[in-house]
Amino acid sequence: MKKTTAILLTLAAIASSLLTGCGGEDETIKVGALFAVTGGASFLGAPEARTADMLVEEINADGGVDGKMIELIIKDTAANPEKAISFAKQLIEEDKVVAIIGPSTSGETMQIKELCESYKTPLISCAAAEAIVDPVAKYVFKTPQKDSYVANWVFTTMKEMGIKNIGIVGANTGFGNAGLGQLEKYAPDYGINIIAKETYDKAATDLTAVLTKLKAKDVEAVVNWSIVPAQSIVPKNMKQLGMDVPLFQSHGFGNIKYAEAAGAAAEGIIFPAGQLLVAEKLPASHPQKEITTAYKTQYESKFNEPVSGFGGYAYDSIMLIVKAIEKTGSIERNDIRDGLESISGYAGASGVFNMSASDHNGLDMSSIEMLTVENGEFTLYK
Amino acid sequence: MTFDQVLQYIFSGITVGSIYAFVAIGYNIIYNTTGIINFAQGEFVMLGGMIAYTFSGFMALLPSVIIAVLLTAAVGGVIENVFIRRMRRTSVLGMIVITVGLSILIREFSLYIWDEQIRALPFFTGSEISSVEIIGARISPQVLWVLAVTAVLTVALYIFLKFTLTGQAMRACSENPKAALLCGIRTDRMISLSFMVSAGIGALGGCVVSPLTQTHYAMGSDLAVKGFTVAILGGLGNPLSAVAAGLLLGLIESFSISVLPMAYKDVISILILLIILVAKPSGLFGSRAAAALKDY
């Protein structure tokens, strides 16, 4: 008897939740989010999820978009492409979201790119690899700065310093491999020779052996292109080996925790990143001054942790959808897509977005600055 | 390859190898008394680093490391009391699966407590940028700490197992638990102790390597695989051969970099694991006769 009651109660609970799930939601804007909140890429996904939650809460508190509330459905992919695929299907087919933001990593994004195309659902990726928007896919956008800008900034700086022969290292992740590819592609344009190239495991614990190889070849500078925690081991190991050449990192270093983990060895690292990290050091006339300072202050006071570029990608993803809806006044997937493509002059956390049919990233070289670490803080280089 | 380079590879190899050894010693101690492969061993290393980092915010490094070791040992004891002891009737395989579950549980709890950011303990001597020159090779002073702690630990473990009554009792459990019980050895206490000791050793390792490798809530599972490889390589059941096997694997990995990209070094260690499992399951230093007495 007790058992039957329990079963009936459970069924009733399920039924009622289904009913509430069906009713009265025409007025919300359902946005799906795929973030690697846990797992090996959690340092990307966790700030992204926190940022998206915070921003949506704020938008809804201010009355939503055109009077409609945003309903954010966050799925934790744990950086697993298979999970990303099944969650993406679930979001599109069952939750009927109008757009998806994320995934956090390039590998996952490339896996669901086709899916979003075939379901005609706008996807705004928070991952860096250039291949996401090159070639352009009709429904796929991304907010982080392109790899090629980053590579070009690194080489421009090297050329100014008169560096000729360099060694490059990177983690064997989607981000690392794509980045090393970009470096190899653009190096000849600047007359720079890559005389050593090494990849390391993302769970590496000691990289002196790799760096010994570079040291033996007398490289004049090292580029470390990585987004995993192991990247902080490179500067430490370089100092231990007595390598005094300049160390360049990628925009994947844009999390102050990585600088903290490298401690004194982080001093003087040169890396390209968005303006968000140095918001308070931007001149007042800078177009991104207001938004970056506001987001940074809000995030840091709410979560009591330093802001990172990654959260900024999620911030822009949400804001781009909001702008697109405001522009077209519709919450149909196709209209949002058209709206996204027509956004211009939106100053976001990662740069000023000027989307077009041929550019689904919309950022240019000015979205990146060369930064360096000084007294344990990020600051503008030079 | 120049002499300096070779020397540098050797130091790199033994640093990495010592880390593997810390995990493998833990596997062995628990395996000896229970026959269980404790896959939560990597999590003990992570817990050590995390707890020490947390306490180092309020106090000096040494007491925070001691607290980390004691607390992690306590966690090991609790795990044994709550899970392993009550599941004694489960098969050994069942218990191994339980340890896999425990490792996930500890990892998720750590994510909840410490979030996803990486942390690193301060260097015991010097800082991130200090470096010591030894006959042409340059290493961090922390590497010397790692090597010293590994050496002291190995000697201490040898003395403990060989000459103390408790150590001998522990070894008796590993030889034959039933006979040990008949001789009046409280095998359940020995099992508790083995969990606490291996958790404590893991935590100590986690503290010493943290400045070099950094501590991240998810680092345990990668270490568990490497440690397991080393434990098998050395021959399950002998904590001291684990040290030798750990150093050996570290050296192989480090020298392999001169021919192969570093990203392949995991392939090498897994390959070694497979070869050993097929060719000599009792391990490099293990004896076939002793292995035959075990369930696994």
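Cβ atoms are placed via backbone N, Cα and C, with glycine included.
As the structure is a computational prediction, the values presented were derived from the model and not from experiment.
Per TrEMBL, transmembrane segment is recorded for B:6-29 (among others).
The transmembrane segment annotation in TrEMBL covers B:61-79 (among others).
Summarising the annotation, TrEMBL assigns transmembrane segment to B:91-114 (among others). Within the chain carrying the transmembrane segment (B:91-114), a Cβ under 8 angstroms from the stretch's Cβ atoms is held by residues 34-40, 42-43, 46-47, 50, 54, 75, 79, 83-84, 217-218, 220-221, 224, 295-296, all 6 or more beyond its ends.
Annotation comment: TrEMBL describes B:143-161 (among others) as transmembrane segment. Sequence-distant contacts of the transmembrane segment (B:143-161) (same chain, at least 6 residues past either end, Cβ-Cβ under 8 Å): 11, 14-15, 18-19, 21-22, 25, 124-125, 132, 167-168, 170-171, 201, 204-205, 208-209, 212, 239-240, 243.
According to TrEMBL, the transmembrane segment annotation covers B:191-212 (among others). Only residues 6 or more beyond the boundaries of the transmembrane segment (B:191-212), in the same chain, are considered here, and those with a CB under 8 A from a CB of the stretch are 15, 18-19, 22-23, 25-27, 29-30, 32-34, 38, 41-42, 44-53, 65, 68-77, 79-81, 84-85, 119-124, 128, 140, 142-143, 145-146, 149, 153, 166, 170, 173.
Residues or ranges marked as transmembrane segment by TrEMBL: B:224-251 (among others). Tertiary proximity for the transmembrane segment (B:224-251) is limited to same-chain residues at least six positions away from its ends with a CB under 8 Å from its CB atoms, namely 9-10, 12-29, 31-32, 37, 39-43, 103, 150, 154, 157-158, 161, 174, 269-270, 272-273, 276-277, 282-287, 290-291, 294, 296.
The transmembrane segment annotation in TrEMBL covers B:263-279 (among others). For the transmembrane segment (B:263-279), same-chain residues at least 6 beyond its ends with a Cβ under 8 Å from one of its own Cβ atoms are 226, 228-229, 232-233, 249, 252-253, 256-257.
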